[in-house]
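Asker: Take a look at the following structure, please.
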Amino acid sequence: MSIIAPSILSANFAALADDIKDVERAGADWIHIDVMDGHFVPNLTFGAPVVQAIRPVTKLPFDVHLMIERPEQLIPSFIKAGADRITVHAEACTHLHRVVHMIKEAGLPAGVAFNPATPIAAVENLLDDLDLILIMTVNPGFGGQQFIPQSLPKLRQLRTMLAERGMSHIHIQVDGGINAQTSVLVREAGADVLVAGNAVFLEQDRAAAIASLR
Ligand SMILES: O=C(CO)[C@@H](O)[C@H](O)COP(=O)(O)O
Ligand SMILES: [Fe+2]
């Protein structure tokens, strides 16, 4: 069964706590938090103080997706604020091994994300250290974009790579343009953690929306 992680980027920021409680009631598994710095991606979102403010609102794990340059500078503050798992972009880390170990040594599961144009080979020698690999199914920076179909062969390639190495316990996460239709395609291609922003938060009936993704 897929893990569903609604992305609060599509929530109503004026009622963020209520929206988080609502998706928890509706059956969400993780809360996906998109951190953007206006440099690595052309948009700006939340910092650690926002994560800290919403931490008491839910018991669900906070899945923090860092779309920022030099993530090693901010990882400690996100952990202190209540992150339960952290994913960094391969493209944003000069020393990816060091950054992944920084997350692991703090006791958190570590993930590595890949933009649509980045080959996944960069992670081949790091598999022992990873809990999750995120295949971006849009170019990161904004919610509500269209799913990129070339992500599907990449997902299959990753699934095969993990199976060949006996590493199929590593989560394969997808993020961007996931809805009731594309969720079927990505699941068939190997994804087991589905992030969805608009497809959950813009729906009146969030329980039905989550069920249709699952
Ligand atoms: O990381 C990102 C965007 O960069 C995502 O988490 C989006 O927030 C997903 O939004 P939808 O495409 O599902 O609306
Ligand atoms: Fe994300």
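Each residue, glycine too, has its Cβ placed from N, Cα and C.
What you are looking at is a predicted structure, and each value in this text was computed from that prediction instead of being measured.
As listed in TrEMBL for this protein:
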| type | residues | note |
| --- | --- | --- |
| BINDING | SER7, HIS65, GLY141, PHE142, GLY143, GLY144, ASP175, GLY176, GLY177 | substrate binding site |
| BINDING | HIS32, ASP34, HIS65, ASP175 | divalent metal cation binding site |
| ACT_SITE | ASP34 | active site, proton acceptor |
| ACT_SITE | ASP175 | active site, proton donor |
Asker: Looking only at DSSP and grouping its letters into three states, which state does ASP175 (substrate binding site) belong to?
Answerer: strand
Asker: Would you kindly give the Cα-Cα distance separating GLY143 (substrate binding site) and ASP34 (divalent metal cation binding site), rounded to the nearest Å?
Answerer: 10
Asker: Taking only the Cα atoms, work out how far HIS32 (divalent metal cation binding site) lies from SER7 (substrate binding site), in Å, as a whole number.
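Answerer: Here the two Cα atoms are 4 Å apart.
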Asker: For the substrate site as recorded (SER7, HIS65, GLY141, PHE142, GLY143, GLY144, ASP175, GLY176, GLY177), determine the largest distance between any two Cα atoms, in Å, rounded to the nearest integer.
Answerer: 16
Asker: Measuring Cα to Cα, how many angstrom lie between SER7 (substrate binding site) and HIS65 (divalent metal cation binding site)?
Answerer: 10
Asker: If you skip the near sequence neighbours and keep only those at least six away, which residues in the chain come within under 8 angstroms of HIS65 (divalent metal cation binding site), Cβ to Cβ?
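Answerer: Residues satisfying the criterion: HIS32, ILE33, ASP34, VAL35, THR87, ALA113, LEU134, ASP175, VAL195.
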